[in-house]
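Per TrEMBL, these features apply:
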type: ACT_SITE; residues: ASP148; note: active site
type: ACT_SITE; residues: ASP354; note: active site
type: DOMAIN; residues: 132-473; note: domain 'Peptidase A1'
type: SIGNAL; residues: 1-27; note: signal peptide
Amino acid sequence: MVDAKPVFQVLLHLLFLCLCSANGVQSFKEKKVLKLQEFRWRQHGGTRSTVCLSQKSRKEKGATILEIKHRDYCSGKIVDWDKKQQKRLIFDDLHVRSLQSQFKNRVSGRIKDLSEAQIPLTSGIRLQTLNYIVTVELGGRNMTVIVDTGSDLTWVQCQPCKLCYNQQEPLFNSSASPSYKSVLCNSSTCQALQFDTGNSGACGSNPTSCNYVVNYGDGSYTRGELGSDHLSLGATPVNNFVFGCGRNNKGLFGGASGLMGLGRSESVSLVSQTSALFGGVFSYCLPTTEATASGSLIMGGDASIYKNSTPISYTRMVPNPELSTFYFLNLTGISIGGVALQNQSFASGGILIDSGTVISRLAPSVYKAVKAEFLKQFSGYPPAPGFAILDTCFNLSAYQEVSIPTLKFHFEGNAELNVDVTGIFYLVKTDASQICLALASLSYEDEIGIIGNYQQKNQRVIYNTKDSKLGFAEESCSFI
């Protein structure tokens, strides 16, 4: 007589495998737990301040550390969070479309000459999607500026102003600063800016001034002249810092005084102007949108002051002469729940890492593979309609917590970005009835992929321009 016990065990094993296949929640090897109630509160709860002034700073082991905040809690009361979240996706789409257009124009050499400008710059950035701010001191006055790795020129609104948008702090008054100087049109600084941007132009109505214009993808702009003044990054002085003094500015800039350019240029970016102080190294840890959350922007490269919980893994920066402002990396793979995806696009070239883009963008074939594997592993949950650029959505309003597969970006040199649990899903609706995978597809295969700031939260991201390398490490962001 055949022993039924082994047969029964085999049947149990087969049943277990079937259940695993039917319910992707339990089938993947690597997972993270997302507590939905806490996630919802972090995204949309707490008390918001109408201003974000007097942010903290300190010096440590030769580095300067500035507190970095999310802009949502510095722009007044937000009445409708759902509408805010949805508008951010729409603006992010405009921002990326503008970037892609700029990339094509730069590479093909078809940058348009702009009137009323000595040094025309083209950015294509929608500033409503630039989410992180710091406070610096310029000419003795506190200025809250938006942090952007995709721009070279730092600028603020200045008096007298022909046209200025509303900001929370008083406008910068160049005539009230004894250390302010105009940058002359025939100076090497003005010519270097022209060389970096690949544009030519005549001086403005004032023949001694070095005029500039920055045009953004939505019709926003800033125009003015270059000047220099005393800049303080916390307790660290930067003498004769060159910046744009904006006299004609239009757009929705969230009440910030201007923008901090952390791009890769060798002349006017903050990184290049402070290279003697900080060695061309800076890093940031971007906080969540929780009301009390803060992160840090560190100028300087002593790794002992980082609070990372995992070792730093480095990858080389890929040079791109036509797009020298931006930081490019070689993306070699993506894994979902520990499953490595195969796609020939991984070997085709660089991907941009950008603090101004919210949602990461992938080539259509790569996104298709990511979506398929994610749905395979995260199955059994009610679907929800897509919204704007996000098309992989779920209704999780009935759940207190869910286990979700990990998301990792792999780069040349075995570096990896292990996306924080708060960067995998995007809340379209605050009751979690519409919560989506926070990745989107580009329109065409030949467009440039982007790693957005949403996937960079709670990471120490280190930019070493001197050695042309970029590092990642997990870190629970805080200023303290």
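In case you wondered, yes, glycine gets a Cβ from its N, Cα and C as well.
The least crowded of the active-site residues ASP148, ASP354, judged by other CB atoms within 10 A of its own CB, is ASP148.
Note: the Cα of ASP354 (active site) and the Cα of ASP148 (active site) are spaced 8 Å from each other. Per-residue pLDDT, averaged over the domain 'Peptidase A1' (132-473), rounds to 89.
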